[in-house]
Amino acid sequence: MAHVLSLHLYLSADASKTSPPMPLKFSKRTNKHNKSISAPRKRPPSPLRRTQKLNLEVSPHRAVSAVRLMRIEMGGAFADLLNEKGKGSGDNEMGYVERTLGFRTKDLDDRDLRLVTDIVGGTIRWRRYLDHLICSLCHDERKFRSMEPLLLQIIRIGFYEIVKLDMPPYAVVDENVRLAKVALRPGAGNMVNGILRKLVLLKETNSLPLPILEGDDRAQARALATLYSHPVWMVRRWTKYLGQEEAIRLMQWNNGEPSFNLRANSGKGVTRDDLVMQLNLLKVPHELSLHLDHFVRIKKGMQIVIQAELLKQGLCSVQDESAGLVVSVVNPQPGESIIDCCAAPGGKTLYMASLMDGQGMVYAIDINKGRLRILRETAKLHQVDTVITTIPADLRVFAETYPMKSDKVLLDAPCSGLGVLSKRADLRWNRSLEDLEELKILQDELLNAASKLVKPGGILVYSTCSVDPEENEDRVDAFLLRHPEFQIDPVDAYVPPDFVTERGFYFSYPVKHSIDGAFAARLVKT
């Protein structure tokens, strides 16, 4: 949560561990089309130029959503809340629209911003389901596969608005047709008109062409993957570990509207009562966390919180309770020396530091110098910079080079992120079985390195934001075989009983606990 103004870094603060911190096998793929969706120039267009390219007939939220979906699919944006910088980001998004489509629409108001958030997140979550419908109505898979990116996004938006948002169907048809005609050409508008009208008719007669859940395990997995819009490999994996009914419940959770947690910044002297008072003044509905004293849960109103600058002032941070409970497993105490491996963007680092009453030190190690710089800036804002030292380094190299030993070591490892799919809508489409195998190798390497930094009698905490046992319990078991000097220290003294597994690990499960999925093992060096 290193950037207090950016919700995409909130999502990264616990879910960004879903990407490895070292530029080895996991470097981000580049796309040859990225130039067409690059960031707009910082110099604003002249008023004359802006007026010449202003189109008041095109719906602003649909234009922004279509361009943003293109950027996300091509790797140029995060699939998170649009209004990540408060009131100014609407104009920023309109800059992308002008650069990509050649015109601007009227400015986005608050309702437009909320719609963009709903449409972008929902369209990404339901992409496989929507594409199945689109392909069925095209009656030609080759035609669907060859559809140009912008046209496909416009059609996906229309399908999502009609099928999942239940918007007035013919208004949806008219406005998406208008966008296609202006942004592309009249023929594209005619195609959008035809396919959306087919969809409206099928929906009104309750005859959408959906797959039937029948056949062998593979056939049923394919049907479930379409009906609940997840990759087939993920459905098969969860069916294997959880059973079909529980796999369906997990997918339903992932497709639901996510809730968010705010953590009162105790390092700055802000109590949860102070935060609640601010939320009451802003009329943001909220609930107190049942598990953590500093946390408040909100379902609606995140944009209000951002625009009121509660994050910018450092009064609170956006952090899921599942991540806060990992810190509880670490149980940081004043005066201790703690190493946070793969720390950036620093959500857990900041929380641990806030609990240390200005005594002791948290050493934040990460290979990404830029994100460590942001962490340092945020630590100053949160008034915990005196107990945080950042170390730019590859953990594996650092552990071999420096004989540093600490009371506690937290390895919040890069992982698949299968526990945070409700917030990271795009992550399900950016993961594969091959990624999991490579991540398991990396997790083992990082665990070996982290173990060298623990002093005798000290604690090593291994955590992920995954619900997959091969990234969680299996990695701990493999580690203990390699390192018999460590043994499991049950977490029941640090987290509520409902989160403690039979073997003494911490595990939060989205369907059961209504928070992100996470895992942590507390290991003591004997």
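Every residue, even glycine, has its Cβ placed from backbone N, Cα and C.
Annotation comment: TrEMBL describes 18-50 as region 'Disordered'.
For 26-44, the entry in TrEMBL reads compositional bias 'Basic residues'.
Annotation comment: TrEMBL describes 250-526 as domain 'SAM-dependent MTase RsmB/NOP-type'.
Annotation source TrEMBL lists S-adenosyl-L-methionine binding site at Cys342, Ala343, Ala344, Pro345, Gly346, Gly347, Lys348, Asp366, Asp394, Asp412.
The active site, nucleophile annotation in TrEMBL covers Cys465. Within 10 Å of the C-beta of Cys465 (active site, nucleophile) there are 31 other C-beta atoms, taking all protein chains into account.
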Binding-site residues compared (Cys342, Ala344) - highest count of Cβ atoms within 10 Å: Ala344
Cα distance (Å, whole number) from Cys465 (active site, nucleophile) to Gly346 (S-adenosyl-L-methionine binding site): 15
Distance [Cα-Cα, Å, rounded] between Cys342 (S-adenosyl-L-methionine binding site) and Cys465 (active site, nucleophile): 14
Between Lys348 (S-adenosyl-L-methionine binding site) and Cys465 (active site, nucleophile): CA-CA distance (Å): 12
